[in-house]
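Novice: From Swiss-Prot, for reference:
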BINDING   His57, His59, Lys139, Asp276  Zn(2+) 1 binding site
BINDING   His59, Leu60, Arg61, Asn91, His280, Ala290, Gly291  substrate binding site
BINDING   Lys139, His168, His208  Zn(2+) 2 binding site
MOD_RES   Lys139  N6-carboxylysine
ACT_SITE  Asp276  active site
Amino acid sequence: MHELVLSGRFVLNGEIVGGSIGIDNGLITEISRRDIKGEEVIAFKSEIILPGLIDTHVHLRDFEQKEKETVESGTKAALHGGITAVFDMPNTKPPIMDVKTFEKRLSILEKHAYSDYAASFLLAGNCGEASRARADFYKIFMGASTGGIFSENFESDYSCAPGIVSVHAEDPETIRENPERPPEAEIRAIKKALTAAEKLRKPLNVCHVSTVGGIEAIIKKNLPWVSFEVTPHHLFLTSKDFERNPLLKVYPPLRSEEHRKALWENFSRIPIIASDHAPHTIEDKEAGAAGIPGLETEVALLLDAANRGLITVFDIVEKMHDNPVRFFGIKGRDFSLGNEATFTIIDPKKEWKVKPEEFYTKAKWSPWEGKKLKGKVVMTVIRGMVVMEGDEIIEEPKGVRLDVQGGNH
């Protein structure tokens with residue numbers, strides 16, 4: 001008899017099957033298409049059990065920006081949105097660019113994270129410090145973004161990174177000439193990054209690709225050690241939305257319908273969907289800060305798209321679990337015997353309205369405020385613990401650091 005059994009429908013080998021998952025000591029100990037016995041059984045009917053979804057691009061702020069977000073509020077938001085692990089970004093205040101700051105960040109994450117996490121390090125001419133930090137991944141900004149620090153020599157910083165690099169690709173010269181950050185800023189930077197990647201053959205993850213030229217350049221090169229992310233806001237919003245609502249300022253900016261359409265036309269080729277959750281106070285947003293909160297809406301937006309026939313549940317699993325696990329080499333997260341019992345449970349037909357005042361993030365606004373969505377996260381389970389149920393966080397902060405090995409390329 002298992003300690004816990006989840007019974008109902010779940011995604012297994014590319015299909016939705018009925019059955020049961022046995023869990024003991026936080027690990028998956030049985031996967032069966034029949035009913036199995038447990039000391040506690042949670043039986044689902046209309047819901048579907050997904051492997052625990054992962055967001056590879058999250059700004060948890062904290063440090064000197066606790067008014068914007070903290071590790072606690074951000075990782076609670078993650079669980080609420082069905083995200084079981086977040087990749088914490090390093091352009092904090094102060095930035096995570098030396099071993100002392102990195103270790104301070106680890107201490108905060110260890111004490112206050114409700115979700116699991118990967119810890120990052122910001123690279124900008126500080127290779128010596130990077131080699132001592134032992135981060136899970138390394139971030140390079142090719143052009144200035146929130147925080148203002150960017151790499152003066154991308155190839156040098158990328159070359160010295162001790163692990164996988166995630167890159168914010170916008171060309172600084174183009175931005176200086178045109179602060180509105182036209183598509184060419186992204187396309188030039190992506191092509192430069194790809195040239196370095198082809199030469200160095202080191203794993204590279206290109207963040208928030210938003211343009212026709214950007215996505216086409218990556219697909220054309222087809223380098224096995226290069227992955228890329230697309231955000232829900234670039235999939236679902238355009239520059240016309242920004243014209244109506246200045247709070248939608250984000251880097252890279254929302255694009256024209258032509259670019260949004262290209263992302264959808266290439267949707268099957270997109271490896272990773274990530275939120276780029278970037279919370280600010282409403283005062284900072286009104287003063288021009290760039291960034292959109294997304295942890296508590298990204299999965300629901302994709303479920304709503306699935307209900308409209310644009311994508312499938314399998315796409316969500318592929319782009320928010322399978323590919324992040326494979327590319328970053330996250331150990332213990334595959335849905336198989338002996339691995340962690342970590343799940344995102346969705347009700348694919350549940351209708352609800354986006355109410356930012358009920359969010360756990362400190363950013364109490366959303367581009368989708370008041371929007372009715374079909375499909376909702378109803379429970380989040382980490383290592384056999386129900387940590388979120390029915391919009392309520394019901395566990396203490398028990399998040400742990402992911403075991404990121406660097407991936408298979």
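Each Cβ is built from the backbone N, Cα and C atoms, and glycine gets one as well.
Burial and contacts for the listed features, if you can.
Specialist: Note on His59 (Zn(2+) 1 binding site): other Cβ atoms within 10 Å of its Cβ, all shown chains, come to 25.
Secondary structure at Ala290 (substrate binding site), taken from DSSP and collapsed to helix, strand or coil, is coil.
The number of other CB atoms found within 10 A of the CB of His168 (Zn(2+) 2 binding site), across every protein chain shown, is 26.
Contacts of Lys139 (Zn(2+) 1 binding site) defined by a Cβ separation under 8 A and a same-chain sequence distance of 6+ are given as Met89, Pro90, Asn91, Ser120, Phe121, Leu122, Leu123, Val165, Ser166, Val167, His168, in order along the sequence. The secondary structure of Lys139 (Zn(2+) 1 binding site), as reduced to three states from DSSP, is extended strand.
The DSSP secondary structure for Asp276 (Zn(2+) 1 binding site) is coil.
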Novice: Around Asp276 (Zn(2+) 1 binding site), which residues of its chain at least 6 apart sit with Cβ under 8 Å of its Cβ?
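Specialist: Result: His57, Val58, His59, Cys207, His208, Glu229, Thr231, His233, Val250, Gly291, Ile292, Gly294.
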Novice: Identify which of the binding-site residues Leu60, Ala290 has its Cβ surrounded by the largest number of other Cβ atoms within 10 Å, counting every protein chain shown.
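Specialist: Highest number of other Cβ atoms within 10 Å: Leu60.
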Novice: Same chain only, sequence gap of 6 or more: which residues have a CB within under 8 Å of the CB of His280 (substrate binding site)?
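Specialist: Within the chain, His280 (substrate binding site) has Cβ neighbours under 8 Å at Lys68, Ala289, Gly291, Ala363.
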Novice: Rank the binding-site residues Arg61, His208 by how many other Cβ atoms lie within 10 Å of each Cβ and give me the one with the fewest.
Specialist: His208
